Amino acid sequence: MRTLGLLLALLFLAAQTPAQLMGEEAEEATGRPEATEAQEAAAALMAARAADRHVTDPEQQRIITCSCRTFCFLGERISGRCYQSVFIYRLCCRG
């Protein structure tokens with residue numbers, strides 16, 4: 001009986017997740033190109049971090065690189081979301 005309840009809960013969660021993603025896509029459709037939006041987000045993030053870390057020593061300055069992926073590698077962290085066509089990716093930044 002517990003197994004059946006657990007399976008039903010997992011099935012409910014699995015069905016609910018794609019519905020939420022489809023709802024978010026419908027709400028955030030603005031007509032702008034998605035790749036440009038991701039590039040603007042990455043540029044704004046890098047500019048904000050550069051302003052926060054105004055360091056004169058070149059050895060202490062970091063170069064931040066961001067890319068849109070389905071998952072982030074070790075040493076990267078999720079800094080936002082990217083939208084390319086109908087897919088939602090993670091904005092993974094290293095630096």
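Cβ atoms are placed via backbone N, Cα and C, with glycine included.
Here the Cβ of C93 (disulfide bond) has 19 other Cβ atoms within 10 Å, regardless of which shown protein chain they belong to. The disulfide bond annotation in Swiss-Prot covers C66-C93 (among others), and the record cites similarity to another entry as its basis.
Taken residue by residue with DSSP, C82 (disulfide bond) is part of a strand. The disulfide bond feature in Swiss-Prot is assigned to C68-C82 (among others); the stated evidence is similarity to another entry.
Around the Cβ of C72 (disulfide bond), the same chain contributes I78, R90, C92, each under 8 angstroms and 6 or more positions distant in sequence. Summarising the annotation, Swiss-Prot assigns disulfide bond to C72-C92 (among others).
Among the features that Swiss-Prot reports, signal peptide is placed at 1-19.
Across the structure, C66 (disulfide bond) and C82 (disulfide bond) place their CA atoms 11 angstrom apart.
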